[in-house]
Amino acid sequence: MSKRYAVVLAAGQGTRMKSKLYKVLHPVCGKPMVEHVVDQISTLDVDKVVTIVGHGAEKVQEHLAGKSEFVKQDEQLGTAHAVLQAKSELAGKDGVTLVVCGDTPLIEASTMEALLKYHHEKRAKATILTTVIEDPTGYGRIIRDDLGIVEKIVEHKDATEKEQRISEINTGTYCFDNKALFEALENVSNDNVQGEYYLPDVIKILKDADEVVAAYKMESFEESLGVNDRIALAEASKLMQRRINENHMRNGVTLVNPENTYIDIDVKIGQDTVIEPGVMLRGKTVIGDDCVVTSGSEIVSSVIGERVHVRNSSIFESKVGDDVQIGPYAHLRPESDIHNHVKIGNYVETKKAVVGEGTKLPHFIYMGDAEIGKNVNVGCGSIAVNYDGKNKAKTIIGDNVFVGCNSNLIAPVKVGDRAFIAAGSTITKDVPEDALGIARAKQDNKLGYAKHLNHGK
């Protein structure tokens, strides 16, 4: 098999996005759109990927580190000029080169593989990826002769009335014989209104040289959708989300209302898990089998075990074991580690907290910078007081401890195994194993005093 190369065009300014963020770095379902493109290419057994960068080059290189080589296009002088910048990496090499736009996040590896195969079968010097749409306004048209052979690409503004009625369009993705590509690029002129060097002119140069130029027609226009503004970004995200959600459903996940469920592309979900409407699953979240995530929940870059029930809660960068109950209205902040058979009830917040197996935090609790053992019960209103205004300190609670309601554990503090903290206590010293910790003022009842307070009739 001949060598395969790919050039990804990612140097455009994206002025229509009206954004400080470099255009191709705008995310589509949790991943920058240029990374979608490069990740699809990387599955094609390509020998080298070269990404043409311009504005914001450093940020693009950070996202694609290890996935691509990079060449800078200092001046944006057109698509042919952009590809020519890869001359130092690819010129003179035998093989075929894919040219793909970095703002087409929906293009799939299977389509590019089919394009490569068709190019090889036709023994072409260039093959254009085309598609048919109902309204081709604004797109370059594919002009074929009576035998269906490609003659040229005509831009919409240059097309005759007859040519404008053609519905087959140029998607902007190509496959070239590598040597023929770079030889032709040297002859592309900028003799046009914009004064730019256009890649479709390479097709004309090759045709004039009597080389074979083919066109592979794909079925779906969606894959060729280019993102140039926020409206197109929203459309691409919608289409990508549908693709992601349908893939999960095919793999045994129930999405009660897929049109109202947001799932990033790198999320993994086990079989027989049920995701209700209004759920957002972001980042590299992994959810096991037989879980239920109810409406209003958000889970970000977290690992969730099996048979976990998350009710209307938020989980960020945390780990949850098996058979755990979370919520409603719980908030697991980063670095929470919840072990098996734990209950995290309503209005409970954890942060950098390890919660041991079988422990219950039923309601209205804050545990930050805490290490909690097995089979602990923490009563309503209890707090691990971890911050003194300058420094954070740790609370350690042993196994089989009972913490009564409305207790304050002033860190740093350690509560030993099987200890009992009396309700309403403010614990400032370590509590030994098997001890009762009680720290509150003695109650004093002043008989008859309430009559002088006028608090009731």
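For all residues, glycine too, the Cβ spot is worked out from N, Cα and C.
So that you can see what the record holds, here are the features copied from Swiss-Prot:
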- HIS363: active site, proton acceptor (ACT_SITE)
- 9-12, LYS23, GLN73, 78-79, GLY140, GLU155, ASN170, ASN228, ARG333, LYS351, TYR366, ASN377: UDP-N-acetyl-alpha-D-glucosamine binding site (BINDING)
- ASP103, ASN228: Mg(2+) binding site (BINDING)
- ASN386, TYR387, ALA423, ARG440: acetyl-CoA binding site (BINDING)
- 1-230: region 'Pyrophosphorylase' (REGION)
- 231-251: region 'Linker' (REGION)
- 252-457: region 'N-acetyltransferase' (REGION)
Practice problem: Quick one: pull the CA-CA distance for ARG440 (acetyl-CoA binding site) versus TYR366 (UDP-N-acetyl-alpha-D-glucosamine binding site), whole Å only. | Solution: 20
Quiz item: Looking at the binding-site residues ASN228, TYR387, ALA423, which has the shortest Cα distance to LYS23 (UDP-N-acetyl-alpha-D-glucosamine binding site)?
Solution: ASN228
Practice problem: With a 10 Å radius around each C-beta, find which of these binding-site residues (ASN170, ASN228, ASN386) has the fewest other C-beta atoms nearby. | Solution: ASN228
Quiz item: What's the most sparsely packed of the binding-site residues LEU9, ALA11, ALA423, counting other C-beta atoms within 10 A?
Solution: ALA423
Quiz item: When you measure from the Cβ of HIS363 (active site, proton acceptor), how many other Cβ atoms are you left with inside 10 Å?
Solution: 18
Quiz item: Just checking, which of LYS23, ARG333, ARG440 (binding-site residues) has the fewest C-beta atoms within 10 Å of its C-beta?
Solution: ARG440
Quiz item: Can you count the other CB atoms that lie within 10 A of the CB of TYR387 (acetyl-CoA binding site)?
Solution: 12
Quiz prompt | Cα-to-Cα gap, ASN228 (Mg(2+) binding site) vs GLY140 (UDP-N-acetyl-alpha-D-glucosamine binding site), nearest whole Å | solution = 17
Quiz item: How many whole Å apart are the CA atoms of ARG333 (UDP-N-acetyl-alpha-D-glucosamine binding site) and ASN386 (acetyl-CoA binding site)?
Solution: 15
Self-check item: Residues near ASP103 (Mg(2+) binding site) in space but at least six apart in sequence (CB under 8 A)
Solution: ALA10, GLY12, GLY14, LYS23, VAL24, MET33, VAL34, GLY226, VAL227, ASN228
Quiz prompt | Neighbourhood of GLY78 (UDP-N-acetyl-alpha-D-glucosamine binding site) by C-beta distance under 8 A, where only residues 6 or more apart in the same chain count | solution = ASN190, GLN194, GLU196, TYR197, TYR198, LEU199
Quiz item: Sorted by position, what residues of the same chain at least six away from GLY140 (UDP-N-acetyl-alpha-D-glucosamine binding site) have a C-beta under 8 A from it?
Solution: ILE153, VAL154, GLU155, HIS156, ILE169, ASN170, PRO200
